[in-house]
Amino acid sequence: MNDRFRRELQVIEEQGLTRKLRLFSTGNESEVVMNGKKFLLFSSNNYLGLATDSRLKKKATEGISKYGTGAGGSRLTTGNFDIHEQLESEIADFKKTEAAIVFSSGYLANVGVISSVMKAGDTIFSDAWNHASIIDGCRLSKAKTIVYEHADMVDLERKLRQSHGDGLKFIVTDGVFSMDGDIAPLPKIVELAKEYKAYIMIDDAHATGVLGNDGCGTADYFGLKDEIDFTVGTLSKAIGAEGGFVSTSSIAKNYLLNNARSFIFQTALSPSAIEAAREGISIIQNEPERRKQLLKNAQYLRLKLEESGFVMKEGETPIISLIIGGSHEAMQFSAKLLDEGVFIPAIRPPTVPKGSSRLRITVMATHTIEQLDMVISKIKKIGKEMGIV
């Protein structure tokens, strides 16, 4: 077995795809200590800076004081605390749905919905750039999976039209795609779902707390909150805690509680995570200026990089991609940024298609204008050195 591991690791190394862990000794703030050195951080999903907010820390500590450090069991045995159900009620109010159910991670939530809802004879229509958890959920279900070209509504319509059978049709898409930060064309997806009698699931991991009124997400951004059957989200990005959730109808929640294996057999979310998430949601709803600052920062950085000659995709989310091309070149650019005191990781296959390795920049509400200008200057400098601009 070890011989096989060595051979496969050698291939990974030769392709420039070796992955290594970095050691952080501070939380994900705009400036961090990584491997013993200070860096500007432009790669965190802590979009609103709530993961290090003192109010969330206080609530997490209070949760531990009252309930302990762990739930002690699954939700269906001994781990269903009153605060679990309070959190679910607050998520449902936040997402404007009848009900919500909490999972231990967004990954488990995606897997749980797709693998339990979709059966043999059903058909899933999945965007080509959907998150790995959606792909794994499709694989675990017994349904047929048809992948449509990324955000290509002509291709989706063609595949819906060509699909026959009496089973359920299920369109699954990220709300905000994690690599490029582009937003799913939800109005057209809703139109096609109605025409072909399909149901819709959105993975709103990167939209929750960012898009829509009060950060409600993608559906609210488009004014389509009543048209979505399942909205999956995470508590670990803009909300600043950890865990995942599904917001849906009351009957669908009850179905997942009884059928989603990733819910039934998971240990319940810890009290500290629950209380931190509740506080994060409250802050998002009551401090809209935090979200506005995030989007303002993202717009500023994107505009300045465009003016510097980088080819940028249009967008308004805090995820900004600089396409470099080859894996080795992307790694070189990232390494040069590290030398300049900036951490922006290179994203390589299999996370993105071959030939599209990139720097994935993520902006936070807590980045200052001085920090934004500094990273712009350093990216411009290295881009010129490498002949990219």
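Glycine is no exception: its Cβ is also placed from the backbone N, Cα and C atoms.
Binding of substrate is attributed by Swiss-Prot to ARG19, HIS131, and within the candidate set THR317, THR351, THR362, THR366 the record adds THR351 to that site. Going through SER74, SER89, SER126, SER178 against Swiss-Prot, the one listed in the pyridoxal 5'-phosphate site together with GLY106, TYR107, ASP203, ASP204, ALA205, HIS206, THR234, LEU235, SER236, LYS237 turns out to be SER178. Sequence-distant neighbours of LYS237 (pyridoxal 5'-phosphate binding site) (same chain, six or more apart, CB under 8 Å from its CB) are ASN45, ASN46, TYR47, ALA205, HIS206, THR208, GLY209, listed in sequence order.
If you compare Cα positions, HIS131 (substrate binding site) sits closest to SER178 out of the binding-site residues GLY106, SER178, ASP204, LEU235. Just so you know, the Cβ of THR351 (substrate binding site) picks up 16 other Cβ atoms within 10 Å once every protein chain is counted.
Pairwise Cα distances among GLY106, TYR107, SER178, ASP203, ASP204, ALA205, HIS206, THR234, LEU235, SER236, LYS237, the recorded pyridoxal 5'-phosphate-binding residues, top out at 15 Å. Listed in sequence order, SER133, ASP203, ALA205, VAL232, GLY233, THR234, LEU235, SER236, GLY243, GLY244, PHE245 are the same-chain residues six or more apart from GLY106 (pyridoxal 5'-phosphate binding site) with CB atoms under 8 A from its CB. DSSP assigns GLY106 (pyridoxal 5'-phosphate binding site) to a helical segment in the three-state reduction.
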